[in-house]
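Here's what TrEMBL has on this protein:
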{"type": "DOMAIN", "residues": "80-127", "note": "domain 'NADH-Ubiquinone oxidoreductase (complex I) chain 5 N-terminal'"}
{"type": "DOMAIN", "residues": "143-439", "note": "domain 'NADH:quinone oxidoreductase/Mrp antiporter transmembrane'"}
{"type": "TRANSMEM", "residues": "87-112", "note": "transmembrane segment"}
{"type": "TRANSMEM", "residues": "124-142", "note": "transmembrane segment"}
{"type": "TRANSMEM", "residues": "149-169", "note": "transmembrane segment"}
{"type": "TRANSMEM", "residues": "189-208", "note": "transmembrane segment"}
{"type": "TRANSMEM", "residues": "268-289", "note": "transmembrane segment"}
{"type": "TRANSMEM", "residues": "548-569", "note": "transmembrane segment"}
Amino acid sequence: MPVELSNKYACFIPPCPLVASRLTGSLSFLFPKATRSLRRLCAAFNTFSLTTATSVSSAPFRQQAATHSIQQYLWARIPKSDFRLKIGFLIDPLTLAMSILVTTAGISVMVYSDSYMCHDQGYARFYAYLSLFTASMLGLVFSPNLIQIYVSWELVGMCSYLLIGFWFARSSAANACQKAFVTNRIGDFGLLLGVSGVYWITGSFEIFELCDRFSELSGSGVINPILANTIAPPLFLGPVAKSAQFPLHVWLPDAMEGPTPISALTHAATMVAAGIFFTVRIFSLISVLPLTMHTTSWVGGITTLSGATLALAQKDLKRGLAYSTMSQLGYMVSALGIGASRPALFHLITHAYPKALLLLGSGSVIHSMEKVVGYSPARSQNMFLMGGLRKHMPITGTTFPSGTLSLCGIPPLSCFWSKDQIIAESWLRSPYLGLTTSITAGPTASHTSRIYFLTSEGNFRANQMNYVGFDTSSPSKNIITSWGGARPESLATQASSNVISATDMERSGVAETGNLVTPPPPEGGPIREKAIQNYSERNLLHPQESNFCMVLPLIVLVIPTVFAGLAGVDPIQKGTGLNLLFDWLISIPSFPEANTHLENLTEILTSSTPSLSLSPIGLLTSFKIYGQTNELVDTKFPEKFKLINKNLLNTYVSLIRDWSINRGYIDYYYDTYFVGGINFTSKLVSYFDQWLVDGFINGTGVSSLSGGEGIRRGKNGRISHYPLGLVIGTVSPVSIVDFPIPPLP
């Protein structure tokens, strides 16, 4: 009875943030002036509503962990027709685990946003969007049928569009939200086709009912395998786009144009998590289709490796983390493709907290950098202008390494346990996929630790540089490349003619609108002298630690980043993370028991050799290139490894660097062939419509007009003209046509 009672209260979880969003949005629209004065109260109300949802989720979660029951509460809609749709909510361990993840991550983001967005005029609107985003994701999580899932799915996409383009006055943000919207339309259209096909086969939208019926029909041979494998890929196309899988991943790096809090929420618990959750929810449907499973596993494998390599030379802090998310999502999808749905969901949860920690930490860094280098993302997010932030921002610099080491897969942090399970399952099911997932562990550790070394170690570099360019950090003595080396002086001189002064950008309303300020002209005069004076004053500045509201979520997120993975169960090994570790610690006084648990722990670590061997190599490589204690000096990459052929290594490094900087050339090919092809086809259709369709209609009209005009000129009413026309009409055929004379009989 208490279990059923607590589960009935779960229906209030999605409405809590939904009501807060509607009230905040209505107040902002109807009473904008009053909302500005009460905006902190609106933020507190939205945070409190999500805290309430978290509290309601925690009680049934503890009970579900013990009982593992599944309950549905449904209300019939359209009951008097052949088509019956029941709306309601579904409660099972998967639902409650995801609700805990969404609400806890949402609370951290809301507390963090209070300081991060405090200078923005759209402060209340931002909180309304945040609450609607979390409500949409919670509605997706609790949906018992595909119709509710699809409605919530579209609401999640709409909220991401609004939040990515929150600073819509900035052209890059406007283009990014449109790119995300269009890319996800492709996946959503496929999802709609898949949902329609599944209903056509099974006759039901209820998840458990249609999955059981589909499995039964497939097992009995009623469904044609070709038809089944034709319907399933469009159904999987929705998660491919939503979870940024290759080749529909192109929207994810550009989505970093939105405010950093929404980037953290998107990458941790909402939009990208929606695709993984949906695939897990319908896993019993796609698991009976080997071809679909094989395709799913390799889509995830390609995404894993490509995301890790694309992040290797990114200079934008948030884009590097975006490609890291893409790679980790690939791990989850590849695990689903080989039938390891439990490790995939486990990695989704363990990855969410360190990624939220890293993105919120990057927001803290960017927020402090803006006061030194200006409010342009090209400067405030440039990792080569940072350095030494652990000294100037001790809390941010101290919490950042825990998320970094967790993503690198270093035990006993959270991501190690889930990633190790995925790699072990991959080796058991497919050696090629196991090799791909194992190799990716090296670049993952490399690009993740690279972000930490460039931002937190060494000396702060921005106040030592006069100019900022694309590939250079200064045209002076040391020019920092994407790999941490120094560029020749000639290239520095050549680049200095095309760079912009670091002090050209002043703070004048960017926080409110996201607009960039027009820089002052570089030619002499008082404006230039004032810019030089401002730069000399800025030379003395260093980033400062963020305030309490921004560092508190970082401190709290360290706890699940370190300990969340210890609660995961590994069905292959002899123990579990948390139980095995705790049992070993408790049984230390009893040496026989301690030896048994130590053997189990040793067996787990031994089986993790593929990932554990490559992760330290990636860490050491990044430390060797970027881990100098002082400013980055001439450290050309090939000179670090003198035992390897320099020309071969030079070529390899150049290829990887160009691949990463140019984003794998995928956007280029899309723009050239896909977008260019659509534009070319549109022009052909326009010419066809203009010259053939409209030409025929216009030609008919012109001929009618000219004919009528000619007849009007001829029929002028003069009697003398009519006999003349009659004579001409009679004589002309006789004179033109030569009639043959018939022979005489």
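Along the chain as shown, residues are numbered 1 onward.
Positions of Cβ are set from backbone N, Cα and C atoms, glycine also.
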Tally of residues which DSSP labels helix, strand or coil - the domain 'NADH-Ubiquinone oxidoreductase (complex I) chain 5 N-terminal' (80-127): 29 helix, 7 strand, 12 coil
Same-chain residue ranges lying at least 6 outside the transmembrane segment (87-112) that approach it to Cβ under 8 Å: 7, 10-11, 13-14, 17, 43, 46-47, 50-51, 53-54, 57-58, 60-61, 64-65, 68-75, 77, 127, 130, 133-134, 137-138, 141-145, 147-148, 207, 261-262, 264-265, 268-270, 273, 277, 280-281, 345, 348-349, 352-353, 356, 360, 363, 549-550, 552-553, 556-557, 560
Tertiary contacts of the transmembrane segment (268-289) (same chain, 6+ residues out, Cβ under 8 Å): 94, 98, 101-102, 105-106, 133-134, 136-137, 140-141, 149, 153, 156-157, 159-160, 198, 207, 210-212, 214-215, 218-219, 225, 228-229, 232, 235-236, 238-245, 252, 296, 325, 329, 332-333, 336, 339, 341, 344-345, 348, 352-353, 355-356, 359
Arithmetic mean of per-residue pLDDT over the domain 'NADH-Ubiquinone oxidoreductase (complex I) chain 5 N-terminal' (80-127): 88
Contact ranking winner - 124-142, 189-208, 548-569 against the transmembrane segment (149-169), Cβ under 8 Å: 124-142
